[in-house]
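Working notes for the structure below.
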Amino acid sequence: SLRVNLDMGKAAYGWMIMKDDNIPGTVVRTSTIPEELGRLVYLLTDKTGTLTQNEMIFKRLHLGTVSYGTDTMDEIQSHIINSYSQVHSQNSGNSTSSTPSRKPQSSAPKVRKSVSSRIHEAVKAIALCHNVTPVYESRAGVSGETEYAEVDQDFSDENRTYQASSPDEVTLVQWTESVGLTLVNRDLTSMQLKTPGGHILTYYILQIFPFTSESKRMGIIVRDESSGEITFYMKGADVAMSTIVQYNDWLEEECGNMAREGLRTLVVAKKSLTEEQYQDFESRYNQAKLSIHDRNLKVAAVVESLEREMELLCLTGVEDQLQADVRPTLEMLRNAGIKIWMLTGDKLETATCIAKSSHLVSRTQDIHIFRPVTTRGEAHLELNAFRRKHDCALVISGDSLEVCLKYYEHEFVELACQCPAVVCCRCSPTQKAHIVKLLQHHTGKRTCAIGDGGNDVSMIQAADCGIGIEGKEGKQASLAADFSITQFKHIGRLLMVHGRNSYKRSAALGQFVMHRGLIISTMQAVFSSVFYFASVPLYQGFLMVGYATIYTMFPVFSLVLDQDVKPEMALLYPELYKDLTKGRSLSFKTFLIWVLISIYQGGILMYGALLLFESEFVHVVAISFTALILTELLMVALTIRTWHWLMVVAEFLSLGCYVASLAFLNEYFGIGRVSFGAFLDVAFITTVTFLWKVSAITVVSCLPLYILKYLKRKFSPPSYSKLTS
């Protein structure tokens, strides 16, 4: 009965969550753990797409000596228009000359390029080095016309959309379009750009090296159709690119500056190749791709031979805006006693900046940035320095974390758990899952992981409760998770209202079902012991089955509709959630209290029936069973905190069912039909003595509990009752 009731209860909670209009689009994918939402202590969240919208806005282009922001993009546009108009006027005059912005091969002495030509190169690199495909929606929209669509498309701007695996790339290509250089077509072997003057430039794609989370960069080798020049473009994270580009004095500093503004940075570089250099590379590359052993290593080694002394073109910064209501939600979760850890693959500065702007770390709090450590000694020193600080947030990089966990796992986790907030940056997906398992192992507390991309799946599956957000990165996370939501702000209501209610209701329901089973067992034990331990069943057949089903099922199950405070209150006072993590709703103490109640009531009902009805002993079954049903219905009423109309219906329905069944189940209400030949005497039931005696037994079994409950609420009221009064 307990198993069945709880499973039905869980299904009901899931249905309520999915039907809640305040959190539309929420899907419950596991019907077994809605109560876990009610007692979380650690929330581990991803940054991009979870706390932020994953909608990028191009903010900054830095060329080393000059930096362009959103208000100076028109300058870039005018430079691009000028440089391309020069190119075309020269090309029409002398078809053999190449573009003026191209310098001769690197043998020539280095001349300081003009700003205009540097912008030209940078924008062209951004427009060519990517994995974006422009897609045209045909206006006709008829499937039959798709073959001709290519012909009439004329690459008009209105119906062009870009598709790529990462939103960063789309933003960069949209930006080059806004300054005049538009990507109009792309297939496997070539790309076409449209200049501000409307000319189409074609580039052949010779090789493409896709972005991986290990290399943190992508490269492409293209050949210009008009001049035949071969160029290797590359863009990637500053960590990966700083060793590849030629020596400069500004890249690291500017990356830091942009990261502190919360921008995501990409470094763009290029290298011109001669025909011989490219042919040599291609033969080595194809050779490496054919090798049977260590293919990936050999291929990577060949590509790395190109990645040397590249010319640094520019640094781009895009902004990822925070999702709606992230700040109040994080604030609410913090007040509810939930410790929030942000695990992200971003740079330390960007992660710190987002942690501050999202109020993950409150303005007044100190932040301890864990210095990069590589050896045991360094880790020891750094941990000691951190131990001396009180109540400060911790920011640590993935590599340092690895070192600390290797040598000082226990000490590190102990210190980190005392922090109000922890930010781990440059985390790999496996590291994220490892951190979740560490917290579970060391603290024994409930963890919840929330993310939106494929890289968060391992963390979501490792946590006690996984929540996925359907975002720009597809549905991998939301399909792997236990609960799927559409926005981060919905997590507040999911935990504070639904999680809290599910936990409190299940605790009440579970204990009540145990009480219902124990009380009838106590009565049977008392009955048998009175009759010299004879193995005579007190209730047989249908009464036994009906007791747990038709007579008491509805009122007991209606406890899943019970709530102690209104949802608005639960959201306004997240501190109520903190009480649940102590686990006081369902503990050995509460269980033993229910056991004592069951024994007390079972004993009273049986002894009362035997004492009061000594003369009509034949009717002991009818009497005790009637008192038992009434007691159960009253106990449900005692347990309920907020009445719902369905609860009242359930109480009266059960009572009605019982009274109706008295008429046609007469042969069950005797003891041992064979020995006594007793049957239910309708005349006896309707007498006043029967009614007052049953009422007396019921009152004795229930009244003391009502009085005790009243006194308890008077002298030590639970925290929620202070809000409801």
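Glycine too: its Cβ is placed from the backbone N, Cα and C atoms.
Automatic, uncurated: that is what TrEMBL annotation is.
Here is what TrEMBL says about this protein:
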ACT_SITE  Asp46  active site, 4-aspartylphosphate intermediate
BINDING   Asp46, Lys47, Thr48, Glu169, Phe211, Lys235, Arg264, Thr344, Gly345, Asp346, Arg426, Lys432, Asn455, Asp456  ATP binding site
BINDING   Asp46, Thr48, Asp452, Asp456  Mg(2+) binding site
COMPBIAS  85-108  compositional bias 'Polar residues'
DOMAIN    479-717  domain 'P-type ATPase C-terminal'
REGION    85-114  region 'Disordered'
TRANSMEM  541-561  transmembrane segment
TRANSMEM  591-611  transmembrane segment
TRANSMEM  617-638  transmembrane segment
TRANSMEM  645-664  transmembrane segment
TRANSMEM  684-708  transmembrane segment
**Prompt:** Under an 8 Å Cβ to Cβ limit, what residues of the same chain, 6 or more beyond the ends of the transmembrane segment (591-611), are close to it?
**Reply:** 511-512, 514-515, 518-523, 525-527, 530, 617, 620, 623-624, 627-628, 631, 635, 696-697, 700-702, 705
**Asked** Hey, for the Mg(2+) site built from Asp46, Thr48, Asp452, Asp456, who else sits with CB inside 8 A of the CB center?
**Response** Thr45, Lys47, Gly49, Thr50, Thr344, Gly451, Gly453, Asn455, Ile469, Gly471, Glu473, Ala477
**Prompt:** With pairs 6 or more apart in sequence, are the transmembrane segment (684-708) and the transmembrane segment (541-561) linked by at least 3 Cβ pairs under 8 Å?
**Reply:** no
**Request:** Give me the non-local Cβ neighbours of Asp46 (active site, 4-aspartylphosphate intermediate): same chain, 6+ apart in sequence, Cβ-Cβ under 8 Å, ordered along the sequence.
**Result:** Met342, Leu343, Thr344, Lys432, Ile450, Gly451, Asp452, Gly453, Asn455, Asp456, Met459
**Other C-beta atoms that fall within 10 angstroms of the C-beta of Gly345 (ATP binding site)** = 22
**Prompt:** Per 10 Å Cβ neighbour count, which of the binding-site residues Thr48, Asn455 ranks highest?
**Reply:** Thr48
**Complete:** In all the protein chains shown, the tally of other Cβ atoms within 10 Å of the Cβ of Phe211 (ATP binding site) is 19
**the domain 'P-type ATPase C-terminal' (479-717) [mean pLDDT, rounded to integer]** = 85
**Complete:** Here the 10 Å Cβ neighbour count for Arg426 (ATP binding site) comes out at 21
**Prompt:** Relative to the Cβ of Arg264 (ATP binding site), which residues of the same chain, six or more apart in sequence, are found under 8 Å away?
**Reply:** Met56, Asp168, Gly317, Val318, Glu319, Asp320, Asp346, Thr350
**Prompt:** Across the listed ATP-binding residues, Asp46, Lys47, Thr48, Glu169, Phe211, Lys235, Arg264, Thr344, Gly345, Asp346, Arg426, Lys432, Asn455, Asp456, what is the farthest Cα to Cα distance, given in whole Å?
**Reply:** 26
